[in-house]
Structure formats: structure tokens, C-alpha cells
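Trainee: Here it is: the structure, laid out below.
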Amino acid sequence: MEITNISEYEGIAKQKLPKMVFDYYASGAEDQWTLQENRNAFSRILFRPRILIDVSKIDMATTVLGFKISMPIMIAPTAMQKMAHPEGEYATARAASAAGTIMTLSSWATSSVEEVASTGPGIRFFQLYVYRDRNVVAQLVRRAERAGFKAIALTVDTPRLGRREADIKNRFTLPPFLTLKNFEGLDLGKMDEANDSGLASYVAGQIDRTLSWKDVKWLQTITKLPILVKGVLTAEDARLSIQAGAAGIIVSNHGARQLDYVPATIMALEEVVKAAQGRVPVFLDGGVRRGTDVFKALALGASGIFIGRPVLYSLAAEGEAGVRKVLQMLRDEFELTMALSGCRSLSEITRNHIVADWDRPQPLARL
């Protein structure tokens, strides 16, 4: 069967993966309202395409934190990729590199920063969870730096793990033949079985709930790498991120896996962009499945987007070739959207190219 869009990979992954693994990747928190909303919100934004513009040449290239990439489509950090495919993060790293874009490696990867660096050249960011033991954090950041990673994506929305009921039902734990590779030498690489979610128990034991803005400052004292604050959904926190020295902001609700009933990231984006006032770039993750979604995010002021689940599903389905295909399909759709909207470069994508349902004047109720 010819795969014609990214979403088809989810069905293939569901057939191929053990239930515990698929449910872990696929599920959101509690009622999963935000999980649906991350997708649905895109459908409430329509295009205002401009016509009769010479679109024979289209340039999708951009720079992120000074690094040139082929398109504003990057790979978000997703944990434990070897549960999806034996090559796991190796395959994802190679696919990102081949596509000329950025891969973000999860703290909870099943391949270490050194292993991912060994796959060859590429621009890579490292996603960081702050553990209670700050020596662990400092060590990890130094290793990422030494391995040539170019930025830290600090996840700030996880002082505790969101309630993911599928993981509780399945008593989710890391399969015995895998470890959280970055923590192997620190005796933190294994996840014990628990009466509920093994990951939730692990987080409760290891992740620092006291994390605050002063820690964003502390991080800057232990590394020269730029820090992206990942998990911002409000103007207030956007401003505080910039005050704390963030080099960029990732508007994210953690793939709808933390607090349910937060807005879709595409709904929160414009508020954050306005608060940032162009001082730092703002990126988005959550719910992107089409090139049209990428265009909508850029029209609302994002400097680029990150994809998570499509990488896991395509990795499960076809390994590295699947991830390459996802990046290529998204790129092709985005290029077509630009052409049909009359945009030849990213700088030509403006707020005037879209109309959102919140733009239309609300009719006044008749008394």
C-alpha cells in the first residue's frame, strides 16, 4: 500500500508494536481532550491564498540559533525510541541529518549522546530533564556539549508526570533489554516495575519538583550552550523565559501528556509570539501532521516546528526510511502550501495569509 500522508503511519505502528509500547507513545493525559485539540485546532484556521505570483522558485531554508537548516521542520525529543525499532535514535539521527534538519535527543533516549554523535554529522539539540542530583545534570550537559550538541531544550512542564491512564492500565515499564542509555553509568538507567506506571514512579523518584526560574539561570553557569525553554503556553511565562536568559521558546504542552485541558499549542502560539516581541525565536510542537499545519504555525509567528509522534510511528513502520519519508512528505506538502498561497520564501508568510475562527467579529446577541 502506498503511504500518501503521515497519519497513515499511526495505524501501521499500532499493528506492529506491542500494546504497552504503542499506548505509551500514543496516549495523552486523563480525558485526552488536549490530545484531540492539538490536531483539531489546526482545522479552525483557514487560508487566504494570494494568486498570480511567480512561485517557480521556492526557498524553505532558514536558520535556527544561527544554524542553517533546509526547512523549518525539526524533530522533537521523544523518549525510548528503541521500543519502536531496534535502531531507535540512530535511525532518527541519520534521517534528520539526511534531510538537513535538527534532531532533538531526549534525556530518556535508549541511545546515549555519544552514540547519537557517532552516527555522523548533523545539528542536534539535547532535551534535558532536571534530576534532583545536580551533579547528574551537570555531567549530562557536559557530555552533550562534548558530543557536539548545539543547544539544550529544557523541559519545564514536568515537575511531576501527567496522569496517562493507558500506562497505568498497562503497568508501563521499559522493556528489560533496554536502558535509559544516558543514565546507564549513573545507576539511573533502569526503570522498576510499579503498581501503576513504572515511568511515573521513576519520575517521582528522580525528577526535581523544586525546579524554578533560578535553575534556568543556574544552567547558564554550567554551559555555554543556548537554552530553549520547552513547555511555555502563556505570555507571562514567555516574558519570564526571556528575562531568565532563554535563547528561544518552544510552545509545547508535552504532546498533551501533562495537564489535560490546556489549549492546543497552535492556539497558545500567538499569545507567546506577541509577548516575545521578536526578542527570541518561538517554536511550536504538538499536533503537526501536514505541511498546511507548518504554514499555519509560521503565519502565526513561529520560527519553526517540531514533530514527535510521526517520527515514532514511521520509525516503528519502516525504520530510518520511514522517518526520512515523513520529513520528505511534510517538506513537499509545506512547499506546495507555500506555492498555492503565493509565498516564495519563509519571510513572505504573513498573518494575512490565514484567518482563524477567533479573528472573525462575534455577532452581538440580540436582546
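Here the Cβ of each residue, glycine as well, is placed from N, Cα and C on the backbone.
The domain 'FMN hydroxy acid dehydrogenase' feature in TrEMBL is assigned to 1-359. Taken from TrEMBL, the feature glyoxylate binding site covers Y24, Y129, R164, H254, R257. Per TrEMBL, FMN binding site is recorded for 77-79, S106, Q127, T155, K230, S252, 285-289, 308-309. For H254, the entry in TrEMBL reads active site, proton acceptor.
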Trainee: Please name which of the binding-site residues listed here, Y24, R164, H254, R257, is nearest in space to Q127 (FMN binding site), Cα against Cα.
Mentor: H254
Trainee: About how far apart, in whole Å, are the alpha carbons (Cα) of Y24 (glyoxylate binding site) and R289 (FMN binding site)?
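Mentor: R289 (FMN binding site) has its Cα 19 Å from the Cα of Y24 (glyoxylate binding site).
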Trainee: Give the sequence-ordered list of residues that share a chain with Y129 (glyoxylate binding site), lie 6 or more positions from it, and have CB atoms under 8 Å from its CB.
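Mentor: Those within reach of Y129 (glyoxylate binding site), by Cβ under 8 Å and sequence separation of 6 or more, are S107, W108, T155, T158, I207.
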Trainee: Looking only at Cβ atoms, how many others are within 10 Å of the one on R309 (FMN binding site)?
Mentor: 23
Trainee: In whole Å, how far does the CA atom of H254 (glyoxylate binding site) lie from that of D285 (FMN binding site)?
Mentor: 8
Trainee: What average pLDDT is reported by the model for the domain 'FMN hydroxy acid dehydrogenase' (1-359)?
Mentor: 95
Trainee: Report, in whole Å, the straight Cα-to-Cα distance of R257 (glyoxylate binding site) from D285 (FMN binding site).
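Mentor: Spelling it out, the Cα of D285 (FMN binding site) and the Cα of R257 (glyoxylate binding site) are 13 Å apart.
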Trainee: Just jot down the residues in the same chain as R257 (glyoxylate binding site), at least 6 apart in sequence, with C-beta under 8 A of its C-beta; none if empty.
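Mentor: In sequence order, S27, G28, A29, G162, R164 meet the Cβ cut-off.
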Trainee: List nothing but the one residue from K230, H254 whose Cβ has the fewest other Cβ atoms within 10 Å; the candidates are the binding-site residues.
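Mentor: Per-residue Cβ counts within 10 Å for the binding-site residues K230, H254 bottom out at H254.
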